[in-house]
Amino acid sequence: VLSSKDKANVKTAFGKIGGHAADYGAEALERMFLGFPTTKTYFPHFDLSHGSAQVKAHGKKVGDALTKAADHLDDLPSALSALSDLHAHKLRVDPVNFKLLSHCLLVTVAAHHPGDFTPAVHASLDKFLTNVSTVLTSKYR
């Protein structure tokens with residue numbers, strides 16, 4: 001559960017991420033594909049090379065979804081319901097991959113905002129991404 005301080009940290013972080021969410025999403029995907037090559041199996045039709053238009057487009061989807069989630073911290077299940085259905089029923093993504101992408105997102109945000117990525121912000125963003133992952137995998141059962 002996100003505390004009021006966690007929510008404030010997430011809102012502040014996404015305020016700084018601002019218009020870079022799509023770029024950070026793409027960068028995090030690239031990090032994930034390089035660091036965890038088995039994740040590439042979900043994207044056999046993608047050009048996974050650095051800077052690929054397909055990775056950038058999917059990074060935008062990731063960034064947009066996280067921005068929407070950050071705007072709806074008190075009702076993540078409703079905000080992410082369609083995305084949860086998609087990942088559970090159509091794409092059938094292994095839930096462990098959300099944890100891997102979350103890690104890569106944290107690394108990406110830390111790399112771009114080292115002065116703002118305090119231990120408290122790190123913990124709050126980690127909790128937020130864990131909550132998002134939990135919602136996205138909630139319909140697998």
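Just so it is clear, glycine is given a Cβ too, placed from its N, Cα and C backbone atoms.
Features as listed in Swiss-Prot:
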| type | residues | note |
| --- | --- | --- |
| BINDING | His58 | O2 binding site |
| BINDING | His87 | heme b binding site |
| DOMAIN | 1-141 | domain 'Globin' |
| MOD_RES | Ser3 | phosphoserine |
| MOD_RES | Lys7 | N6-succinyllysine |
| MOD_RES | Lys16 | N6-acetyllysine |
| MOD_RES | Lys16 | N6-succinyllysine |
| MOD_RES | Tyr24 | phosphotyrosine |
| MOD_RES | Lys40 | N6-succinyllysine |
| MOD_RES | Ser49 | phosphoserine |
| MOD_RES | Ser102 | phosphoserine |
| MOD_RES | Thr108 | phosphothreonine |
| MOD_RES | Thr134 | phosphothreonine |
| MOD_RES | Thr137 | phosphothreonine |
| MOD_RES | Ser138 | phosphoserine |
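Here the candidates are the recorded positions Lys7, Tyr24, Lys40, His87. The one whose C-alpha lies nearest to that of Ser138 (phosphoserine) is His87. Proximity of Thr134 (phosphothreonine) to non-local residues of its own chain (separation of 6 or more, Cβ distance below 8 Å) is seen for none. Residue counts for the domain 'Globin' (1-141) under DSSP, split into helix (H, G, I), strand (E, B) and coil, are 111 helix, 0 strand, 30 coil. If you take the C-beta of Thr137 (phosphothreonine) and look for same-chain residues 6 or more apart in sequence within under 8 angstroms, you find Ser84, His87, Ala88, Pro95, Phe98. Checking the modified residues (Lys16, Lys40, Ser102, Thr108) against Tyr24 (phosphotyrosine) with a 10 Å Cα-Cα cut-off leaves Thr108. Lys40 (N6-succinyllysine) and Ser49 (phosphoserine) are 11 Å apart (CA-CA, integer value). For the modified residues Ser49, Ser102, Thr108, Ser138, the greatest number of Cβ atoms within 10 Å around a candidate Cβ is found at Thr108.
Considering other CB atoms within 10 Å as the measure, the emptiest surroundings among the recorded positions Lys40, His58, His87 are those of Lys40.
The separation of Lys16 (N6-acetyllysine) from Lys7 (N6-succinyllysine), Cα to Cα, is 14 Å. The closest partner of Lys40 (N6-succinyllysine) among the recorded positions, by CA position, is His58; the full candidate set was Ser3, Lys16, His58, Ser102, Thr108.
Among the modified residues Lys7, Lys16, the residue whose Cβ has the fewest other Cβ atoms within 10 Å is Lys16. Cβ neighbours within 10 Å of Ser3 (phosphoserine), excluding its own Cβ and spanning all shown chains: 10.
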